[in-house]
Amino acid sequence: MNVFRLAGDVSHLVAIIILLLKVWRSRSCAGISGKSQVLFALVFTTRYLDLFTVFISPYNTVMKVVFLGMSYATVYLIYMRFKNTFNSDNDTFRVEFLLVPVIGLSFLENYAFTPLEILWTFSIFLESVAIMPQLFMITKTGEAESITTHYLFFLGLYRALYIANWVWRYHTEGFFDQIAVVSGVVQTIFYCDFFYLYFTRVLRGKGKMSLPMPI
């Protein structure tokens, strides 16, 4: 494992921990898209179906269990424990516009036409767009709390570091996963505007990041 992969995994873990702590400490899910969190839980579920059948390393197994557990814990907090604080009126992104094309692509573009491989491909494609309900929610409300933007920053950083990981592996191992790379690049592109606003507004000390209101 190279440093970019490790840093990416740490950034991903930090992002989820930030989100969980935000909800738990504030006893509120305000500003968080439950739909995005359900999609991420679906991503981990379909990707880690081989958890009990394929052993790669203790690190790999532990990270799979951690990401699965934390993703479902987040969904539980949003829709069960603190559901009275969840603003569903602003979480209105039509997730079927993501799921339908992702399912179709998973059947058309995969490395082997087997159930596990199709579901793995589905998880890769879905992860690239799972953040869209959250970004849509921020655009709709016009602002985001700083803690939420920190979560999104580390989530975007995780994808950017994974691109560096793929570049490193290509030059050192000759390894190239077209599906993962293309999906990762697409996902990183979604964060470009957010990164600009994060560095120019949030890191300058504002409590919230204000965005242009949708027309």
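Just so it is clear, glycine is given a Cβ too, placed from its N, Cα and C backbone atoms.
Predicted, not measured: the structure shown is a model, and the values here were computed from it.
If one looks beyond the transmembrane segment (62-80) by at least 6 residues along the same chain, the residues whose Cβ comes under 8 Å of a Cβ in the stretch are 9, 12-13, 16-17, 19-20, 23-24, 29, 32, 34, 37-38, 40-41, 43-45, 48, 51, 86. Here TrEMBL flags 62-80 (among others) as transmembrane segment.
Counting residues 6+ beyond its ends, the transmembrane segment (92-112) has Cβ neighbours under 8 Å at 33, 35, 38-39, 118-122, 125-126, 129-130, 132-133, 136-137, 140, 179 in the same chain. As annotated by TrEMBL, transmembrane segment applies to 92-112 (among others).
When Cβ-Cβ distances below 8 Å are used as the criterion, the transmembrane segment (118-138) is approached by residues 31-33, 35-36, 39-40, 42-44, 46-47, 49, 90-93, 95, 98-99, 102-103, 105-107, 109-111, 144, 148, 152, 155, 179-180, 183-184, 186-187, 190-191, 194, 209, 211 of the same chain, each at least six residues removed from its ends. The feature transmembrane segment is assigned by TrEMBL to 118-138 (among others).
Summarising the annotation, TrEMBL assigns transmembrane segment to 150-168 (among others).
TrEMBL lists 180-199 (among others) with the feature transmembrane segment.
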